[in-house]
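Engineer: Feature table excerpt (TrEMBL):
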type	residues	note
BINDING	ARG76, GLY77, GLY78, LEU79, ILE80, THR81, PHE82, HIS83, ALA141, ILE142, GLY143, GLY154, LEU155, ALA156	substrate binding site
DOMAIN	31-164	domain 'BPL/LPL catalytic'
SITE	LYS138	site 'Lowers pKa of active site Cys'
Amino acid sequence: MIKALFFGEVPYLTGLRIQEYFFHQICLKQKPNEHYLCMFEHNPPAYTVGIREGIYTEETERKVVGLGAEFHRVKRGGLITFHGPGQLIFNLNNLPLPKNQKSFGVQQVLIQMLKEKFKLENLGRTENAGVWINEQKKIGAIGIQVRNGITSHGLALNCETDLK
């Protein structure tokens, strides 16, 4: 059974600490059969870079901070990702897929959900990561970390996100 937990608007680092708490609960086997879907809206806005952080310079970080957003280097897959109000961040603990298919599986689940629940069409993947509408508008970002078979980080769904 998956417990869905919505934490509302939280700063990025608070959301990260919440994920770490549940990760450790599962790892320490205090709650081995429980799975969690942690949902956040990050405020203030933040940008994160994953394990390919080396392609982002300190200049990139200064520009982001100069725009009023936080900048964090984290241990997840994916490139630079925006996190902000109007965007739900899902932590997908124990998605039942092999490790090398988790990112693709998350994309497929998101595409299917958007088609079925929101009747969106022309959804798919491009050479760029994430889920796109008409290959031009990014609606979902994906960057996961798998440790001890447990996922953290996850996906971001742009609901009413002002990307200006």
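All residue numbers here begin at 1 and follow the chain in the order shown.
Any Cβ shown, glycine's included, is placed from N, Cα and C.
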Engineer: In angstrom units, rounded to an integer, how far apart are the Cα atoms of ILE80 (substrate binding site) and LYS138 (site 'Lowers pKa of active site Cys')?
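Structural biologist: The Cα atom of ILE80 (substrate binding site) is 13 Å away from the Cα atom of LYS138 (site 'Lowers pKa of active site Cys').
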Engineer: Quick one: mean pLDDT on the domain 'BPL/LPL catalytic' (31-164)?
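Structural biologist: Mean model confidence (pLDDT) across the domain 'BPL/LPL catalytic' (31-164) is 75.
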Engineer: Please report the Cα separation of GLY78 (substrate binding site) and LYS138 (site 'Lowers pKa of active site Cys') in Å, rounded to an integer.
Structural biologist: 14
Engineer: List every residue in the same chain as ALA141 (substrate binding site), at least 6 positions away in sequence, whose Cβ is under 8 Å from its Cβ.
Structural biologist: GLY78, THR81, PHE82, ALA129, GLY130, LEU155, ALA156, ASN158
Engineer: What is the total of other Cβ atoms whose distance to the Cβ of PHE82 (substrate binding site) is within 10 Å?
Structural biologist: 18
Engineer: The record lists ARG76, GLY77, GLY78, LEU79, ILE80, THR81, PHE82, HIS83, ALA141, ILE142, GLY143, GLY154, LEU155, ALA156 as binding substrate. What's the largest Cα to Cα distance among them, in Å, rounded to a whole number?
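Structural biologist: Greatest Cα separation within the listed binding residues comes to 15 Å.
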Engineer: How far is it from ARG76 (substrate binding site) to LYS138 (site 'Lowers pKa of active site Cys'), counting Cα to Cα, in Å?
Structural biologist: 19
Engineer: Can you check which residues sit near GLY143 (substrate binding site), meaning Cβ under 8 Å from its Cβ, same chain, 6 or more apart in sequence, and list them in order?
Structural biologist: THR48, GLY50, ARG76, GLY77, GLY78, LEU79, THR81, ALA129, HIS153, GLY154, LEU155
Engineer: Counting other Cβ atoms within 10 Å of each Cβ, which of the binding-site residues ILE80, LEU155 scores lowest?
Structural biologist: ILE80
